[in-house]
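A quick write-up on the structure given underneath.
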Amino acid sequence: MLSSKLRLFAIVCMVLGLIGLVFGFLSVPSTVEEASEILASHEEHHGSGEEASHEEANFVDEVRQEHGYSEHAMAQDKDLGHDAHEDGEHMEHVLHQMQTKPWSAAFVAAFFFMMIALGTLVFYAIQTAAQAGWSPVLFRVMEGITNYLLPGSVIVLLIVIFAGEHFYPWQNHELVAEDSILQEKSGYLNFPFWLIRGIIYVIGWNLYRHFARKNSLAMDDAEDLKPYKNLFKYSVYFLAFFIVTESTMAWDWFMSMTPHWYSTLFAWYIFASIIVSAVTVIAIVTVSLKAIGKLEFVNDSHLHDLAKFMFGFSVFWTYLWFGQFMLIWYANIPEEVTYFILRIQEYNPIFFGMIIINFVFPIVILMNSDFKRVSWFVVIAGVIILVGHYIDIFLLVMPSTVGPYWSFGITEFAALLFFLGLFILMVGMGLAKVSLRPKNNPFLVESEHFHY
Amino acid sequence: MASGNVLHVLYNDDDILMKAVKELRSKHYRIIEVYTPFPVHGLDKAMGLPHTRLAICSFIYGLIGLSVATLMMNFIMIEDWPRNIGGKPSFSYLQNMPAFVPIMFELTVFFAAHLMVITFYMRSRIWPFKKAENPDVRTTDDHFLIEVDAADHDLDTLSKFLYDTGASEISLIHNEEHA
């Protein structure tokens, strides 16, 4: 399936990406002096206008102290904003954030591609558990995409484990010792339990992927419905497992980067990003395979349905994003609103640009029923949606870890290249192994005749 | 050319009806109208009806609703009686927009839905106290009826052909006005 040209492209991507990542990790400042130099060269661009109203900040700090924030946590929180007073402790935080940047860049790209494979697995499980009649012709495509899950999820897990305090302030014992809020949360947010949870997620997801693929292939030679029934059963169990682990994964790997801040909608919001990116990639891979003549049994009604899901989940994502944003914006509680103040002040163009890319574009492009059947149209819409959701993950991670010291430079691009290469390689291998036309699925005939 | 005579052909299954419509059209008989107790999926395409333009209306109505909501909220909350919304006294529509988005959304849906219903009624020529145009009351229950233009066709061959397509009942209607 994977032509030699595409394989070469993927390998070149990975090599270039790896070089860029190594460069990124080596070029971080290692001392406070170096960080100051970098900061000074940046300050020239910023100029004045950095004076935060101290009265307000003090009021917020007083309230926080009453609620048990440690002074250290408050200082760190302030450093996430652009409050440039150049004393030693502040510069240490700046140095820490600069050193975190390559970790964040790697994590954003690694998670972005992992969530595509994971979301595809969930979509596949939903289709089998719901006994959907339209989609079985696409099952091998979905299985091919989920081939990336094993390497992808292991790499993501390794990144969050080894990033440690770069990402997760609650892993810093000195900080927790002074902070009564983090002490209260330490029953959940402690390193051993957090590590065990991460391992459970990765093992659970990959076990389902393994058994689903096994039974799906067994169906080809089966004389009875046993593999089909097994697949159905595993899918139902997996969906129950996933709905819990996805929530805790979102808290563990993303929300705990800012351990004082929380949102009850957060896990769903991440899930919306996961599923819309996944459906988009399924559509793009389907169109590409059909273009080279490997999927002649897939018709434009299948594409139409995928495009409807892209449209629908884009609106769903917007709904959840806005549901979270509006309540926090409206209530304007200092504890909660810091999350958005940082993003609006330091990431303004991409923060609002993301809404246009992820909401306005899909709405306008995919609203017309006929356009959803035009393959190049769906691909263009899909690429826009994927860019938008990369930015979404970028905005989840970067502000919480590197604060204002972000950029999209060699390191970020290299990370994206590396994981894109790995993704193409693994998905290509997953698609190449077996016939793309499943056999003996009870809904296959209905799916082949699917017509809207 | 037209004799004004119309055949009312009844069927009692929607799949047979669909097949009959396709066969009639392939033999170039003219179908005046089809009456069904429920929407039959794909019947419009089988009958060769042009694509509906209601969706375009709906889009325009939605835009009208969005504009009405924007102008209304701007007048009420910003111009006429400036409000301090959520402790952020910016008095600007744009900066207060998160608070207005639910209203903008609701009015978009409200206008699109209600104006669409009214448009649909007008387009289908339905209004209160209107006498039903239905040729046979059984089509509101469990029968499907095709009105076929008898034109100059030989009635015997036509009715034999119709029975072959699975018709359960055929009646010839002499249309006085056109005769």
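Each Cβ is built from the backbone N, Cα and C atoms, and glycine gets one as well.
These figures come from a predicted structure and were not determined experimentally.
Here is what TrEMBL says about this protein:
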- A:7-26: transmembrane segment (TRANSMEM)
- A:103-126: transmembrane segment (TRANSMEM)
- A:147-168: transmembrane segment (TRANSMEM)
- A:188-208: transmembrane segment (TRANSMEM)
- A:234-254: transmembrane segment (TRANSMEM)
- A:266-289: transmembrane segment (TRANSMEM)
- A:309-330: transmembrane segment (TRANSMEM)
- A:350-367: transmembrane segment (TRANSMEM)
- A:374-398: transmembrane segment (TRANSMEM)
- A:410-432: transmembrane segment (TRANSMEM)
Two-stretch contact, the transmembrane segment (A:103-126) and the transmembrane segment (A:309-330), at least three Cβ pairs under 8 Å: no
Cβ contacts the transmembrane segment (A:7-26)/the transmembrane segment (A:410-432), at least three under 8 Å, sequence gap 6 or more: yes
Stretch of maximal Cβ-Cβ contact with the transmembrane segment (A:266-289) [cut-off: under 8 Å; candidates A:147-168, A:188-208, A:410-432]: A:410-432
Chain residues in Cβ proximity to the transmembrane segment (A:410-432) (below 8 Å; excluding those fewer than six residues from its ends, i.e. six or more beyond): 1-2, 6-7, 9-21, 23-25, 101-102, 105-106, 108-110, 112-113, 116-117, 140-141, 143-148, 151-152, 285, 289, 390, 394
